[in-house]
């Protein structure tokens, strides 16, 4: 398999994704790193928190890599996404794509982040400094609802 997808509650690094997608047949690696910024709509951000429906998120991330490979001449894809708290300046998402030529790598990478934000069941909550505003769950581009609150830890298969 030429894809690497991972959810982690630990810091993520672009080096991991770039090392995975590197290939001697490819002349381009395009990388996107999404980081926590310090302000949003004039409010001071303290941190971001992410929750994911893990199995479905990983399945969808793999599907997006497959679709990117169908649309562009892409050799390998890597998508890493944080869960839990991400401080200011911390990486929330890393996407890396390798291709023989830069145009395919750049277009596939841009498409992957747009589709990830729209279709993967990962939810973001912004927390603000000093009561600028109450914490807010942010919706994905295609209206994923915030994750349901668990009332029990007993899961059956």
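Note that Cβ sites are derived from N, Cα and C of the backbone, with glycine treated the same way.
Per TrEMBL, the feature substrate binding site maps to 101, 102, 117, 124, 125, 126. For the recorded site, residue 124 (substrate binding site), the DSSP three-state label reads strand.
Sequence annotations record features per position, and here TrEMBL assigns region 'Disordered' to 128-157.
Candidate binding-site residues: 102, 124. Fewest other C-beta atoms within 10 angstroms, 102.
Most Cβ neighbours within 10 Å among the binding-site residues 101, 125: this distinction goes to 125. Neighbour count (other Cβ atoms within 10 Å of the Cβ, all protein chains): 17 for residue 117 (substrate binding site).
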